[in-house]
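Q: Provided herewith is a single structure, encoded as C-alpha cells, for subsequent inquiry.
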Amino acid sequence: MDERLLSGESAYEDADLEYSLRPQTLRQYIGQDKAKHNLEVFIEAAKMREETLDHVLLYGPPGLGKTTLANIIANEMGVNVRTTSGPAIERPGDLAAVLTSLQPGDVLFIDEIHRLHRSIEEVLYPAMEDFCLDIVIGKGPSARSVRLDLPPFTLVGATTRAGALSAPLRDRFGVLSRLEYYTVDQLSAIVERTGEVFEVEINSLAALEIARRARGTPRIANRLLRRVRDFAQVRGNGTVTMEITQMALELLQVDKLGLDHIDHKLLLGIIEKFRGGPVGLETVSATIGEESHTIEDVYEPYLLQIGFLQRTPRGRIVTPLAYEHFGMEMPKV
C-alpha cells in the first residue's frame, strides 16, 4: 500500500503531535456533539453514584478522536488510563497481567479491539461482567481453575470495524458511541487551534481550505497543516495564507475535495476499464494493485461518504458526481 498523506490511520510522526494537541476535557473537545453530550451525562451520573463508568465502545473511521475520547473519559472520571491494543495482547496471560495491574476505577483502553483473539475475549467476559478473572493453574489432570477478584474498572474499546466484533463482546458494552466525520467548520476550528499550538499565524480562509480537503478527519487536517506550514516557512514568510495553502496542496496532489492520486487511480480505473461499473471488489483490487481489504477499509469509506462510489450486490459503481468531478461524461447505457 502506498504511504498516504490522506490516510486516517495514525503514522509514527503523528504520535507526539497528537499528544501535544489532545484536549483534556469534554468541554475542550471539538465536534462529535452527540457522543460528547451522552458521555457528559453518563460520566456525571457515575460520579454522582460513586460508581465506575459503564464499559464504552467507540467505533467509526480512523482519525476521528477515539483515543482522545478515551483519555478524556479517564480525566473526567479523575482516574488513570492504561492503554494497549488488540494486536499487542497475544496470550490470555498478557491480558491477565494488564487487568491485575489496574487500580480501582481505572480506564483500560484497548485500541483495535476487533483484533483480539477469541480465546482472549473469553478471558475478558467475566472481567467485564463480574470484575473477576478465571485462570487455570497447572496442566493435565491436576489443572485447576482459580478465580481472582479484580478492582472495578472501565473498559474503553475502539474499533474501525464494529461489525468484526463478536456479539458476546459487543453486548457487554453499556455505552456504544459511533464517531462521525467532522464538518468543515469544526475542522477549521481544529486547524486554527493547532496553529496556536504550533505558534504559526494562519489566515482564516487558509484554515477553511485545509478543512475542506481534510476528508472530515482531524488527524488529516493536522497533518495537512504541518505540510502547508513547511511551504509557508520555505516559500513564504511563515504565515499560512490562502495562496500558500492552495499551492502546497496542489503540489501534494490533494484536490479540492480531499481526493489524492490513489482515489483518482481507483475511480478512474473503474471508469476507464469497466465503464463505471458495476465491477467486483477482487477485480478492482487486481486492476489497481491494492489488497481488497485495504480498498474496502481504507480507500472506499470517504468515497462512499461523498457519494462518488456505490456498493451494490453486483459490485462497485462510480456515480455521476464522480464523473462530474473529473469533467467526464457518463457512458450511455
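Each residue, glycine too, has its Cβ placed from N, Cα and C.
Per Swiss-Prot, the feature region 'Large ATPase domain (RuvB-L)' maps to 1-182; the stated evidence is sequence analysis. The ATP binding site feature in Swiss-Prot is assigned to Leu21, Arg22, Gly63, Lys66, Thr67, Thr68, Glu129, Asp130, Phe131, Arg172, Tyr182, Arg219; the stated evidence is sequence analysis. The feature Mg(2+) binding site is assigned by Swiss-Prot to Thr67, with sequence analysis given as support. The region 'Small ATPAse domain (RuvB-S)' annotation in Swiss-Prot covers 183-253, and the record cites sequence analysis as its basis. Per Swiss-Prot, the feature region 'Head domain (RuvB-H)' maps to 256-333. For Arg311, Arg316, the entry in Swiss-Prot reads DNA binding site.
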Q: Express the distance between the Cα positions of Leu21 (ATP binding site) and Arg311 (DNA binding site) as a whole number of Å.
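A: Taking the Cα atoms only, Leu21 (ATP binding site) lies 36 Å from Arg311 (DNA binding site).
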Q: Across the whole of the region 'Large ATPase domain (RuvB-L)' (1-182), what does the mean pLDDT come to? Round it, please.
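A: A mean pLDDT of 88 is what the predicted model shows over the region 'Large ATPase domain (RuvB-L)' (1-182).
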Q: List the Cα distance (Å, whole number) between Phe131 (ATP binding site) and Arg311 (DNA binding site).
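A: Just about 42 Å between their Cα atoms.
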Q: Can you give me the Cα-Cα distance between Tyr182 (ATP binding site) and Arg316 (DNA binding site) in Å, rounded to a whole number?
A: 25
Q: Given the binding-site residues Gly63, Thr67, Glu129, state which is nearest to Arg311 (DNA binding site) when distance is taken between Cα atoms.
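A: Closest candidate to Arg311 (DNA binding site), judged by Cα separation, is Gly63.
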Q: Over all pairs in Leu21, Arg22, Gly63, Lys66, Thr67, Thr68, Glu129, Asp130, Phe131, Arg172, Tyr182, Arg219, the listed ATP binding residues, work out the largest Cα-Cα distance in Å.
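A: With Leu21, Arg22, Gly63, Lys66, Thr67, Thr68, Glu129, Asp130, Phe131, Arg172, Tyr182, Arg219 as the binding residues for ATP, the largest Cα distance is 37 Å.
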Q: For Glu129 (ATP binding site) and Arg316 (DNA binding site), what Cα-Cα distance in Å is obtained after rounding to a whole number?
A: 42
Q: Taking every protein chain shown into account, which of the binding-site residues Phe131, Tyr182 has the largest tally of Cβ atoms within 10 Å of its Cβ?
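A: When each Cβ's neighbours within 10 Å are tallied, Tyr182 tops the list.
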Q: Taking 10 A as the limit, how many CB atoms besides its own sit near the CB of Glu129 (ATP binding site)?
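A: For Glu129 (ATP binding site), the count of other Cβ atoms within 10 Å is 10.
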Q: So which of the binding-site residues is most packed in, judged by how many other Cβ atoms lie within 10 Å of its Cβ, out of Arg311, Arg316?
A: Arg316
Q: Per DSSP, what is the residue count of the region 'Head domain (RuvB-H)' (256-333) in each of helix, strand and coil?
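A: Each residue of the region 'Head domain (RuvB-H)' (256-333) counted once, the result is 42 helix, 9 strand, 27 coil.
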Q: C-alpha of Gly63 (ATP binding site) to C-alpha of Arg316 (DNA binding site): distance in Å?
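A: Their Cα atoms are separated by 25 Å.
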Q: Take the Cβ of Thr67 (ATP binding site) and count every other Cβ within 10 Å, whichever protein chain it belongs to.
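A: 21, counting other Cβ atoms within 10 Å of Thr67 (ATP binding site).
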Q: For the binding-site residues Leu21, Gly63, which one has the sparsest Cβ surroundings, going by other Cβ atoms within 10 Å?
A: Leu21
Q: In Å, rounded, how far does the Cα of Thr67 (ATP binding site) sit from the Cα of Arg316 (DNA binding site)?
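A: Cα of Thr67 (ATP binding site) to Cα of Arg316 (DNA binding site) measures 32 Å after rounding.
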